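A.B. asks: Residues or ranges marked as active site, cysteine persulfide intermediate by Swiss-Prot on the basis of sequence analysis: Cys328. Among the features that Swiss-Prot reports, pyridoxal 5'-phosphate binding site is placed at Ala75, Thr76, Asn155, Gln183, Ser203, Gly204, His205, Thr243, with the record citing sequence analysis. According to Swiss-Prot, the [2Fe-2S] cluster binding site annotation covers Cys328, on the basis of sequence analysis. Residues or ranges marked as N6-(pyridoxal phosphate)lysine by Swiss-Prot: Lys206.
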Amino acid sequence: MKLPIYLDYAATTPVDPRVAEKMFQCMTMDGIFGNPASRSHRYGWQAEEAVDIARNQIAELINADHREIVFTSGATESNNLAIKGVAHFYHKKGKHIITSKTEHKAVLDTCRQLEREGFEVTYLEPAANGIIPMERLEAAMRDDTILVSIMHVNNEIGVIHDIDAIGELCRSKGIIFHMDAAQSAGKVPIDVQATKVDLISISGHKMYGPKGIGALYVRRKPRIRLEAQMHGGGHERGMRSGTLPTHQIVGLGEAAAIAKAEMASDDARIGALRDKLWNGIKHIEETYINGDAIERVSGSLNVSFNYVEGESLMMALKDLAVSSGSACTSASLEPSYVLRALGLNDEMAHSSIRFSIGRFTTEEEIDHAIEVITQSIDKLREMSPLWEMFKDGIDLNQVQWAHH
């Protein structure tokens with residue numbers, strides 16, 4: 001067993017060896033290294049064919065048409081292109097956008113930028129289980145609302161939104177629906193023929209593909225128009241210029257094909273490991289799951305250990321590669337804004353750990369994790385004056401702390 005045990009699959013996944021092998025075939029002189037836009041010789045034609053195959057593989061994962069797939073550098077760029085692209089193209093129709101307070105920073109900061117440009121954004125509060133209630137979404141809709149951007153699966157707490165219901169509501173009001181699927185593509189079934197979603201952001205490195213590559217699904221019927229954010233050679237039907245990185249695209253395509261073929265078996269195995277982990281630690285006093293316990297992606301478990309300081313817990317769990325929030329904000333000592341939005345106080349938000357399990361996690365690793373977590377919590381609480389006060393029956397919310 002390799003230490004530390006990797007339980008941070010929501011931050012990134014290792015590239016599947018089958019994906020890495022395919023990628024390597026597109027890099028050297030012996031392989032398919034040509035520029036897919038070079039139409040005058042075989043090297044370019046081979047590269048273009050490899051890109052076309054990958055585009056089809058990604059389209060098949062979400063039951064889309066291959067012409068609806070636009071390659072980007074990742075979900076952050078896809079989110080930027082979708083949200084800014086719609087806002088800039090449809091600004092004459094309206095300047096109101098709806099999103100939620102628990103979105104990834106790539107959505108929130110894009111919306112903040114649009115606010116600086118004169119757009120108006122409504123940030124919806126989730127319910128205590130982390131899911132946006134439909135009535136709140138409907139109540140926020142206005143005549144000048146042009147876009148709703150709600151994530152499929154939350155990156156910190158793993159809850160799954162009812163995208164079918166959101167899609168129906170948006171379509172009935174003539175509002176474009178964008179979905180950030182960085183955490184769900186390849187893990188949760190997505191069918192664009194059944195779900196009325198107009199734009200989907202996809203990330204390669206969250207589904208055992210390479211970093212630095214992603215895709216944006218852009219619906220053709222009814223047709224969604226975007227204003228390009230990257231200008232140049234007019235690649236990707238003018239929506240995203242830049243030489244296509246054949247090796248990364250082939251990697252993303254292979255990752256999508258494997259995910260589609262193995263989704264059900266992966267989901268069952270990973271879900272069983274997640275349940276094993278929770279069943280092994282839920283007996284620890286004052287331990288709580290954050291987010292809905294049922295409507296969640298199989299590999300995610302976000303737990304608050306009350307009366308334990310998050311950073312000291314992270315240090316105590318040095319044998320486990322886990323996080324106290326999203327990797328993109330883990331350098332910050334601020335408590336998770338997602339957990340705060342669920343109504344957790346600073347202390348509870350600070351004492352939370354995100355465990356995310358994936359394709360290469362083993363039973364042995366989960367057994368070891370349970371042991372390490374149990375021992376660490378006991379040890380830290382033994383040293384905690386707050387835990388002692390709580391055990392003595394003192395209501396810590398009533399304590400008047402002296403200010404220095």
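The backbone N, Cα and C atoms fix where each Cβ goes, and this holds for glycine too.
Are these features on the surface or tucked inside, and what touches them?
C.D. replies: Asn155 (pyridoxal 5'-phosphate binding site) falls within neither a helix nor a strand when secondary structure is assigned with DSSP, and so counts as coil.
For Lys206 (N6-(pyridoxal phosphate)lysine), the Cβ neighbour count at a 10 Å cut-off comes to 27, with all displayed protein chains included.
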A.B. asks: For Thr76 (pyridoxal 5'-phosphate binding site), what is the tally of other C-beta atoms lying within 10 angstroms of its C-beta?
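C.D. replies: The answer is 21.
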A.B. asks: In this structure, which of the binding-site residues Asn155, Gln183, Ser203, Thr243 has the fewest other Cβ atoms within 10 Å of its Cβ?
C.D. replies: Thr243
A.B. asks: Please report the number of other Cβ atoms within 10 Å of the Cβ of Ala75 (pyridoxal 5'-phosphate binding site).
C.D. replies: 28
A.B. asks: Let's check the environment of Gly204 (pyridoxal 5'-phosphate binding site): how many other CB atoms sit within 10 Å of its CB?
C.D. replies: 33
A.B. asks: Per DSSP, to which secondary structure element type does Gly204 (pyridoxal 5'-phosphate binding site) belong, with helix, strand and coil as the options?
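C.D. replies: In three-state terms, Gly204 (pyridoxal 5'-phosphate binding site) counts as coil.
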